[in-house]
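S.K.: Quick one: this structure, given as structure tokens, is what I'll be asking you about.
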């Protein structure tokens, strides 16, 4: 057997990922032997991050027994990261939930009762009573839902439809608010449309990669393997990595830059200044395709209105901007000189110049990648806008090998949270609830009365916590996330509301997470291939999978829960008389009848499917629910730049990147010859904007909401590690991954540890103004903070790092800044 170069790279990438985690790859991933004939294989996208790797799932006797990279998947080309190889084991933790659990005392629900098994009928009875009471006494604003970028497309669509049209409440938001909201607002402000214009195929054609606040080596390892291949294949290819601390991605970097927290804004403006001063502006592109605007400043930090920082802000929450000339923009960025930038960021001048030269060189095709370092930022929208500026000044955009690319952290943060519109302000296909025309489009398509969808933006994630604490939000359904562990400022703003006797909290989850154990009712949920699903990844690729096994016990999919619960409400119980008068034929009908059993949704018969293609929900309802929901949803985007292919095409493909027009997917948007919406002769057209032009924004540096001082003298940054995903509710139940990284640690500079009489392995108390945790000192290893900063992962339920974090958000995106708050350390 000959080992090809590709095989060599692939084998080494697998080995590297496994070695990094301190474990070996499962045998089935190396070579599926022995019982191979008895295993049934089918395709699915990976359950974890937003990369969207394709895997082959092996099932036998009703269980997932094997998993391997799908060699026909264009994203990963047969390679998995170490989490992907252990996918089968995430479903079989010993504490998997299999029946509803309600807090009960003396035979009935009680806020302080013990969790007791109940039937679905009993669970829904209690939920129904709580929902109806709140709706009757306080109205739709008293109920809410916190959803997920891990929802399938039709689960998110059903949830949004049920809440916004059925319950008439926009108080539904996804956990993608915590990770991708800044990217969404950044895209909308600059381009008028959401999501990247490029794709992963850019990697093999780029000359330079710049990572802004993104540790791709651990968080997007498959894409990192492709970047590594590209970098090692051509000595002229360069990699720059920017972060507030060193991590594994620095190992490949030609220019590894550690900067002072929040000063990335300074670096971005410096590069724009460098481009202009060195006559590197692509004048032809700039003149034809770009407008300039100056944004409002001093916009606050998304804290409560009574907070001193909010009271001091001149323009709290302002998204305003005004036109400006090129000369005015030139003068604006001219303040960000090399000397000033080096002083404010702590970055050596030669490194700053090297970075700027990558963008300024007209012969270098540059990709900018970023994730949470940019997005989880009190000026995250600005950071997104400022990196777009660099690509718009140079014209390095919407062409193979160059462009700005926001990487997602969840498997369907794009396909579900963003495209479906499960945010509190959004509707499908980039429409918003505040736009009367958009509401009208949805109401007519859904055949519900005009005025059903509220015009008021609902509560975003952090606002939901505050409303629960204040007693304004009283019934709260949490699905497919673990926000009690993942959200900020647990002690002050979340736990009080969850345990308030006025409130009733439902958590749908496969496992007894921190969130589930803090709730009043736990609903057991089907996972991954226990249901039919669809995800949309970071490169606009929509991928489907079939249900391949049944969920254990009485566990049900989120879709089943939403649809079945809708049967409990008649239109008269949720809609005012003025709405019913418009459509009297809807009187007496349930929300199930009006939203999910409509002719549009129920028109696809099960006779279209083979026996092995049926799923549990469709069997129970008698029609192909998933297809009906998808086709109804896809209508919104077709002909409007968000075109999705017909439903059946996705089951036959390894994903398709929208817009899909006349059967052809789109790799690069907004450019002639690549995007079907750009006509011959237009060159580029940013058609999300009325005039087809993108916007360069002039936005300054503004400080973080909280910085170290004499008492709390260290920056805290939080994040993830390779072996665990988010709060670890799945990966910590995989023995091999748990052993590889069993508990969270505090990564700290050796000199900072020495100054506090701390040694590696010591127990340490980490305290902020909001709370404290006990952890373990780590002065070596993969993450190497500079002096003055510590880093902690948030996967460990025994170390709730978000007891420490501040609930400051970007005022425009409402996304939390998990990367910057002040802490102190004390030896235990």
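Including glycine, each Cβ sits where the backbone N, Cα and C put it.
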S.K.: Taking Swiss-Prot at its word that 46, 49, 53 bind [4Fe-4S] cluster, choose the one of 81, 199 listed for that site.
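M.R.: Looking at 81, 199, the one Swiss-Prot places in the [4Fe-4S] cluster site next to 46, 49, 53 is 81.
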S.K.: I want the residues beyond 46, 49, 53, 81 whose C-beta is within 8 angstroms of the mean position of the [4Fe-4S] cluster site's C-beta atoms, in chain order.
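M.R.: Result: 48, 51, 52, 76, 80, 83, 84, 221, 222.
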S.K.: Taking the Cβ of residue 726 (Mo-bis(molybdopterin guanine dinucleotide) binding site) as the reference point, list residues of the same chain whose Cβ is under 8 angstroms away and which are at least six residues distant in sequence.
M.R.: 409, 482, 486, 720, 794, 795
S.K.: May I ask for the distance between residue 372 (Mo-bis(molybdopterin guanine dinucleotide) binding site) and residue 49 ([4Fe-4S] cluster binding site), taken between their Cα atoms and rounded to an integer number of Å?
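M.R.: Residue 49 ([4Fe-4S] cluster binding site) has its Cα 13 Å from the Cα of residue 372 (Mo-bis(molybdopterin guanine dinucleotide) binding site).
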S.K.: Sorted by position, what residues of the same chain at least six away from residue 46 ([4Fe-4S] cluster binding site) have a C-beta under 8 A from it?
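M.R.: Looking at Cβ-Cβ distances below 8 Å from residue 46 ([4Fe-4S] cluster binding site), excluding near sequence neighbours, one finds 52, 53, 54, 55, 80, 83, 84, 87, 411.
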S.K.: Among the binding-site residues 213, 218, 246, 531, report those whose Cα falls within 10 Å of that of residue 81 ([4Fe-4S] cluster binding site); none is a fine answer.
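M.R.: Candidates kept after distance check: 218.
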S.K.: Mean pLDDT for the domain '4Fe-4S Mo/W bis-MGD-type' (39-95), rounded to an integer?
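M.R.: Looking only at the domain '4Fe-4S Mo/W bis-MGD-type' (39-95), pLDDT averages out to 96.
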S.K.: Using DSSP and three states only, what is residue 721 (Mo-bis(molybdopterin guanine dinucleotide) binding site)?
M.R.: strand
S.K.: Roughly how many Å lie between the Cα atoms of residue 213 (Mo-bis(molybdopterin guanine dinucleotide) binding site) and residue 49 ([4Fe-4S] cluster binding site), rounded to a whole value?
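M.R.: The Cα atom of residue 213 (Mo-bis(molybdopterin guanine dinucleotide) binding site) is 16 Å away from the Cα atom of residue 49 ([4Fe-4S] cluster binding site).
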S.K.: Whole-number answer please: how many Å between the C-alpha atoms of residue 246 (Mo-bis(molybdopterin guanine dinucleotide) binding site) and residue 49 ([4Fe-4S] cluster binding site)?
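M.R.: Per the Cα atoms, residue 246 (Mo-bis(molybdopterin guanine dinucleotide) binding site) and residue 49 ([4Fe-4S] cluster binding site) stand 22 Å apart.
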S.K.: CB neighbours of residue 246 (Mo-bis(molybdopterin guanine dinucleotide) binding site) within 10 A?
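M.R.: Result for residue 246 (Mo-bis(molybdopterin guanine dinucleotide) binding site): 21 other Cβ atoms within 10 Å.
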